[in-house]
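Enquirer: I grabbed these lines from Swiss-Prot:
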- 1-100: region 'N-domain' (REGION)
- Asp29, Asp82, Glu154, Glu156: Mg(2+) 1 binding site (BINDING)
- 118-260: region 'I-domain' (REGION)
- Asp175, Asp177, Asp238: Mg(2+) 2 binding site (BINDING)
- 336-344: region 'Interaction with PCNA' (REGION)
Amino acid sequence: MGVDIKELVEPVAKEVELGFFSKKVIAIDAYNSLYQFLATIRQKDGTPLLDAQGNVTSHLNGLFYRTINYIELGIKPVYVFDGRPPELKQKELERRYQIKVEAEKKYREAIERGDLEEARIYAQQTSRLTAAMVHDAKLLLRYMGVPYVEAPSEGEAQAAYMVKKGDAWASGSQDFDSLLFGSPRLVRNLAITGKRKLPRKDVYVEVKPEIVELEELLRVHGITHQQLVVIGILVGTDYAPEGARGIGVKKALKLVKELKDPEKIFRSVEWSSDVPPEKILELFLHPEVTDSYELTWKEPDKEKVIELLVERHQFSMERVTNALDRLEKAVKTHFKQQSLESWFGF
């Protein structure tokens with residue numbers, strides 16, 4: 001779900017072309033991207049891509065081709081995977097499960113009615129990412145020579161930490177939580193850049209990447225990072241989705257400016273969760289992160305990629321080999337005056 005502070009972010013978000021990120025390291029929220037691929041890469045009736053054994057492969061399809069697109073533009077992606085979810089998130093995970101169950105029911109009903117448009121919308125809400133699917137995604141990245149990081153807990157917190165350290169230029173995620181975790185820079189729409197159809201409408205829109213600078217966001221609204229986190233908590237986060245009763249973004253912004261002190265603010269509102277807001281504040285300000293990672297980009301192992309995608313999951317041999325040729329060509333084209341070592345080493 002993520003925190004909904006779009007109202008605050010919109011005035012400072014800047015659209016750019018994907019090529020703007022050439023030569024930049026982007027710490028991408030892996031789960032966020034994989035779920036987007038699972039939601040968008042589907043057949044007309046909403047069915048995801050499947051291999052001969054019935055295993056879902058939409059996530060691998062998106063990860064493979066989108067990552068090659070990044071590298072063709074000179075972008076240096078590093079994918080950050082979630083670790084153990086915080087205990088505070090348990091109720092939200094249960095809520096998401098129930099949403100998927102209800103969506104599956106509505107999907108089946110839409111299929112029975114022959115309403116493929118409605119079926120596809122509900123199908124997108126049923127996406128599940130299993131341990132086996134995550135394992136295959138990591139294998140694919142390893143074989144492609146693209147680094148990934150295993151966060152101890154929240155992937156967005158780890159990505160934000162890497163940007164703060166200077167190991168990455170920006171966090172890449174659709175969710176605004178990255179800003180609450182303190183990422184100096186957030187890039188949205190990376191995984192969905194291009195033409196996208198609007199739900200229930202025969203209308204296509206061009207989706208472009210957008211950049212949000214944390215410092216500018218805070219300056220424009222006259223708040224501190226801690227106050228931004230408090231606003232997010234009041235509006236609702238993954239740890240307490242309901243937030244404070246009757247509090248929207250505008251009212252939350254007014255409260256943090258008037259009362260300033262988080263304890264006073266939390267005492268002044270009707271809290272709708274049994275999770276103490278102080279604990280959520282602590283989690284955002286001091287998340288669990290690690291320095292145990294290495295950002296090294298290597299040459300792809302074409303045979304291993306073919307073994308995983310073509311032999312195990314029945315991808316088209318022609319499409320995969322053509323894509324791998326593009327990957328090799330992209331490295332030579334963009335960095336022909338550098339040795340592979342000088343580019344692939346951060």
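Cβ from N, Cα, C; glycine included.
Can you tell me where each of these features sits in the structure?
Expert: The DSSP secondary structure for Asp82 (Mg(2+) 1 binding site) is coil. If you draw a 10 Å sphere around the CB of Asp82 (Mg(2+) 1 binding site), it holds 20 other CB atoms from the protein chains shown.
In three-state terms derived from DSSP, Asp238 (Mg(2+) 2 binding site) belongs to neither a helical nor a strand segment and is classed as coil.
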Enquirer: Spatially, which candidate from the binding-site residues Asp82, Glu154, Glu156 is nearest to Asp177 (Mg(2+) 2 binding site), comparing Cα atoms?
Expert: Glu156
Enquirer: Around the Mg(2+) 1 site recorded as Asp29, Asp82, Glu154, Glu156, what other same-chain residues have a C-beta within 8 angstroms of the site's C-beta center?
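Expert: Here the nearby residues are Tyr31, Asn32, Val80, Ala151, Gly155, Ala157, Gln158, Ala159, Ser173, Asp177.
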Enquirer: So among the binding-site residues Asp177, Asp238, who's got the most Cβ atoms within 10 Å?
Expert: Asp177
Enquirer: By the DSSP assignment reduced to helix, strand and coil, which category contains Asp29 (Mg(2+) 1 binding site)?
Expert: strand
Enquirer: Looking only at C-alpha atoms, tell me how far Glu156 (Mg(2+) 1 binding site) is from Asp175 (Mg(2+) 2 binding site), rounded to the nearest Å.
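Expert: With the alpha carbons as reference points, the distance is 9 Å.
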Enquirer: Filter the binding-site residues Asp29, Asp82, Glu154 down to those whose C-alpha lies within 10 angstroms of the C-alpha of Asp175 (Mg(2+) 2 binding site); answer none if the list is empty.
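Expert: Checking each Cα against Asp175 (Mg(2+) 2 binding site), the hits are Asp29.
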Enquirer: I'd like the number of other C-beta atoms within 10 A of the C-beta of Asp175 (Mg(2+) 2 binding site), please.
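Expert: Counting Cβ neighbours of Asp175 (Mg(2+) 2 binding site) within 10 Å gives 18.
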